[in-house]
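Presented below is the structure to which this report refers.
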């Protein structure tokens, strides 16, 4: 019996793909997907290169822009955004020196923020040469800049409040340690510091960001290869033949993983947690907290927690966050399309009752399935409604 036991080759165990096995290493499957992705698109890339050659000449594009910049309104608007950056920096410098009172500084910031949202929107609506794609890019850029400068204003305000009565706490809480390499307020109010923050892949300002030690060229090349692969895949797809949510997943990987990691590596930005495992979300709330970490951190730090400190309840504060998100979703869609239908706004506000229902009545895989159903059905439905209304509006104008 002992000999038979020694030579036994069986034991009670689960298959690896069974959920109870505890196995979670699927790296080989991911590598297979990458290999198939490269092989399936290499032929298309080579065919286009041999047939058409290099179609974009950077020198020619720059010369065309310099000769007639007003024919590129979207690019001009992006350049003009530097004015708002300089105004924010100048205001904070004056506040740090006491040249501006807190009230004057607050009013200047409010005017600056209001113009940041209304000025590009007015240009997009009134200038016919601005395309929907160009308008969406411009308004997206200004929205990101708005959130960044709001955080910049808040953090510098906190520094001024702490510098008078809590200098020791300032050095700990705002990463101003006893080191020559750390920056303390108001030493952070420089052009270099401001523009590092503007280009950094984050919406929340800090005096001292975590930094990586070196720039890894191999990492940059891998991210750059992804930058090439994703547009090739998108251009090879016919929009009506591909589910909308698959295009959204491609965009997520391209922007939140490839592009943001590429930018972070170039700037040696240390915090690379741009998303968490939102695909495992069992509640709608968990999804919105984890699929876009930079926006979630901004909402939590500069909107949700300040509302709680002012005495608002969690329900009211959460509803206010969704309302703000709904506003910006509608702003980024309706203004470039030059039509106001509130589909994006309604879709975002509908997340509140959906979150309540899923959180209270569905658990585990059922909750995860409900989240995926909302992504697969809800988002494409809103997109189709905008496409329908856009074409109906323009066909009617042509007929008349």
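Placement of Cβ uses the backbone N, Cα and C atoms for every residue, glycine included.
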Range annotated as transmembrane segment in TrEMBL, from 283-301, 340-358: 340-358
Given ranges 258-276, 315-333, the stretch to which TrEMBL attaches the annotation transmembrane segment: 315-333
Under 8 Å by Cβ from residue 329 (active site), same chain, sequence gap 6 or more: 344, 345, 347, 348
Winner by Cβ pairs under 8 Å against the transmembrane segment (370-387), considering only 70-91, 103-127, 133-150, 340-358: 340-358
